[in-house]
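What follows is a set of notes on a single structure, which appears directly below.
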Amino acid sequence: MSLSSKLTVKDLDVTGKRVFIRVDFNVPLDGKKITSNQRIVAALPTIQYVLEKKPKAIVLASHLGRPNGEVNDKYSLAPVADELSRLLQKPVTFLHDCVGEEVTNAVNNAKDGEVFLLENLRFHIEEEGSRKVDGNKVKADKAAVTKFREQLSSLADVYVNDAFGTAHRAHSSIVGFDLPNRAAGFLLSKELQYFAKALENPTRPFLAILGGAKVADKIQLIDNLLDKVDSLIIGGGMAFTFKKVLENTEIGDSIYDAAGAELVPKLVEKAKKNNVKIVLPTDFVIGDKFSADANTKVVTDKEGIPSGWQGLDNGPESRKAFAATVAEAKTIVWNGPPGVFEFAPFAKGTEALLDAVVASSQAGNTVIIGGGDTATVAKKYGVVDKISHVSTGGGASLELLEGKELPGVTFLSNKQ
């Protein structure tokens, strides 16, 4: 799966066509009020570009929340239609389902350039292909899924996916369109361009920074990156498992991942074989409880962490070593913060690392922040626009970094 060879919306002829755009309008709601319109704003460039090309109609589709394959008004996209209309300064026709006669008639009788927003795709079990009933997974009927996909396909002449956050899901609206031209929107295209830059053709030295609690959860990620990077910073909770196994450091009550511990020697062996430098913390900010009001102190790895205390951030010496490693790199991928940044006493390691990667990005290097917690960090400290690329998809970016194919990307047409 080459990330850089996929058709984009700019390669399509959309004039006079019905254009289906799978967007990610999974916005946070407080009742019917949208608390952050960021995801709607992010989709505007693709929508506005298509509008300028005078399409017959634009059909927008998204999921919202987890309605579990049934209609639940709490997860209706109706409030999104109003917000989108305000942002586009143009009426948006909200349809009360995503398939069916009313939807088909509305789209086929569209006024030129009309913008439709379909109701939540996940109100139908056929979108995800299953639902949970009493804790058990119940699969959708195969014929019903095929029909649902045919109904969605019948609303369009061309298909555009601009929802990177769900590109790792083989859902009907992501892989179910029987149309000849299937392209990436600007948002998805930017994601692919940056991940291709790092994973297919990085400017070296290439550094990956990993945080997170468990080695076992990140095993595929580490294993795949060891074939690609020149250096690897390991921070966060999983650093303690590495320190314990490799150096027999006293880690007190810090996170220890017994399953992950068995995998550490193999990973280190692979790093040596591939000439990858692994950088681990050498000192820690520790707390006597997992809380913002914990008592804190700084200890070195030689001193060890006493019983009853846990490591919740890296210490000043580690911050210097991490910053020096960042300063050497030309391509950086960061997935997972090095400390519990949500608590002020344990946020300094994350802040220092963020300063270092921002400086690197500003100096013209490529810095990619994977979605999830690390993207939250970039937003919290207001540096999103100072970093080459902050990914919009936690799960999808993780799977790309693990070396997996994303169904939604594989499904797109290749450039001729």
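A Cβ is built for glycine as well, from the same backbone N, Cα and C atoms used for every other residue.
Pulled from Swiss-Prot, these are the features on record:
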BINDING   Val23, Asp24, Phe25, Asn26, Gln38, Arg39, Ser62, His63, Gly65, Arg66, Leu121, Arg122, His168, Arg169  (2R)-3-phosphoglycerate binding site
BINDING   Gly212, Gly236, Phe341  ADP binding site
BINDING   Gly212, Asp217, Gly236, Gly336, Phe341  CDP binding site
BINDING   Ala213, Lys214, Lys218, Gly237, Gly311, Glu342  AMP binding site
BINDING   Ala213, Ala216, Asp217, Asp373  Mg(2+) binding site
BINDING   Ala213, Lys218, Gly237, Gly311, Glu342, Asp373, Thr374  ATP binding site
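Here the features listed in Swiss-Prot are painted onto the structure.
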residue	record	DSSP class
Val23	(2R)-3-phosphoglycerate binding site	coil
Gly65	(2R)-3-phosphoglycerate binding site	coil
Ala216	Mg(2+) binding site	helix
Gly236	ADP binding site	coil
Gly336	CDP binding site	coil
Phe341	ADP binding site	coil
Asp373	Mg(2+) binding site	helix
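Ranking the binding-site residues Gly237, Gly311 by how many other Cβ atoms lie within 10 angstroms of each Cβ puts Gly237 at the bottom. Taken over all pairs of the listed CDP-binding residues (Gly212, Asp217, Gly236, Gly336, Phe341), the Cα spread reaches a maximum of 20 Å, rounded to the nearest whole number.
Once Cβ contacts within 10 Å are tallied over all protein chains shown, the binding-site residues Asp217, Glu342, Asp373 are led by Asp373.
Closest to Gly236 (ADP binding site) by Cα-Cα distance, out of the binding-site residues Gln38, Ala213, Lys218, is Ala213. As a whole number, the greatest separation of Cα atoms within the (2R)-3-phosphoglycerate-binding residue list Val23, Asp24, Phe25, Asn26, Gln38, Arg39, Ser62, His63, Gly65, Arg66, Leu121, Arg122, His168, Arg169 is 22 Å. Under 8 Å, Cβ to Cβ, and six or more positions away along its own chain, His168 ((2R)-3-phosphoglycerate binding site) finds Gly393, Gly395, Ala396, Glu399, Lys404, Leu406, Pro407, Gly408. Cα separation, Gly237 (AMP binding site) to Gly212 (ADP binding site), rounded: 6 Å. Around the Cβ of Phe25 ((2R)-3-phosphoglycerate binding site), a 10 Å sphere holds 24 further Cβ atoms from the protein chains shown. The shortest Cα-Cα distance from Leu121 ((2R)-3-phosphoglycerate binding site) to any of the binding-site residues (Ala213, Asp217, Gly311) is found for Asp217. Just so you know, of the binding-site residues Val23, Leu121, the Cβ with the fewest other Cβ atoms around it within 10 Å is the one at Leu121.
When the binding-site residues Gln38, Ser62, Thr374 are compared by the number of other C-beta atoms lying within 10 angstroms of their own C-beta, Gln38 comes out lowest.
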